C-alpha cells in the first residue's frame with residue numbers, strides 16, 4: 001500500500017483516489033479470504049434440502065418379475081401382459097401345468113363347499129366362478145347362488161364372459177361382470193358377499209396387503225377369504241426340477257403357443273417374487289381374518305397353496 005501512495009503523489013484528488021483504491025483492494029481481499037467459507041456455507045445450507053427434495057420425489061419401487069419398477073408403472077405393465085395372453089390363457093395354463101391347475105381348482109371349490117344362495121365375489125377370475133355355480137347346482141340343486149366376477153383387465157374379463165355364453169348360466173341373473181381394481185373395489189358395498197376368491201391373480205397386484213384388506217371390507221361377518229396361488233416348493237429335489245421347468249420350459253411354451261415369451265417369463269418370475277406361504281398367511285391374519293391351523297394347505301409339494309381366513 002505504501003508503494004501505491006508514493007506513485008499517486010500528494011494531490012487531494014490523488015489522495016482520494018488512493019483511499020478509494022485501498023478500499024477496493026481491501027474489499028477484494030476480504031471476499032477472497034471468505035469465498036471458501038461462503039462456498040462451503042452455501043453448500044451446507046442449500047445442498048442438503050436439495051438432496052431431501054430429490055429423495056422425496058423419487059418414486060416408490062415394487063417388483064415386476066425380477067425388475068424393480070415404479071409402483072405406478074407396474075399396473076400398466078401387468079395390464080399389457082394379460083392383454084397379450086388373454087386369448088391363449090386357458091391353453092397356456094393347461095400346457096404349463098399339464099392340466100394340474102384343473103385339479104387344484106376342483107380342490108379349491110371342494111374346500112369352499114358353498115351352500116345354497118351363497119354370494120361369491122371372484123376377483124381376477126372366471127374358472128372359479130363357473131365351478132362355484134356348477135357345485136351349487138349339482139350338489140344343492142340351487143339356482144339362487146350368485147357370482148360377481150371382477151378384473152382390472154377388460155380383455156381378461158371378456159374372455160370370462162365368453163365362457164359363460166356357452167354355460168347353463170348364460171341367460172340367468174346368477175353372474176355379472178365388472179372392471180374393477182382389486183385394491184379399490186369401488187362398486188362392491190361393505191359386507192355384501194359371503195365368499196371372496198382370487199385364483200392365480202393376487203401376485204400380480206401392486207399392493208397385496210391392500211387387496212387382502214379390501215377383501216375384508218366387502219365380506220359379511222362370518223364371510224370367507226380364499227386365495228389359490230403359486231407358492232414355494234418344500235422339497236429341494238423337486239424344487240430344482242420345478243425351477244428348470246419354470247425358467248427353461250414355460251417361456252419356450254409361451255413363445256410356441258402364444259408367440260409371447262416375455263409375458264410368460266414375467267409370470268414365472270412373479271411366482272418367485274410372491275411371499276412364501278407363512279408370510280402371506282401372516283398378512284391375511286394382520287388384515288383381521290381368523291385362520292384355522294397354519295392358514296393354508298399346500299398342493300403338489302407346495303407348487304400351489306390354498307389360503308383361507310374368516311371375517312369374525
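In case you wondered, yes, glycine gets a Cβ from its N, Cα and C as well.
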Field: Given TrEMBL lists 181, 182 for S-adenosyl-L-methionine, the same-site residue among 142, 151, 194
entry: 151
Field: 8 Å Cβ shell about 151, 181, 182 centroid, S-adenosyl-L-methionine site members excluded
entry: 123, 124, 150, 152, 153, 179, 180, 183, 185, 201, 205
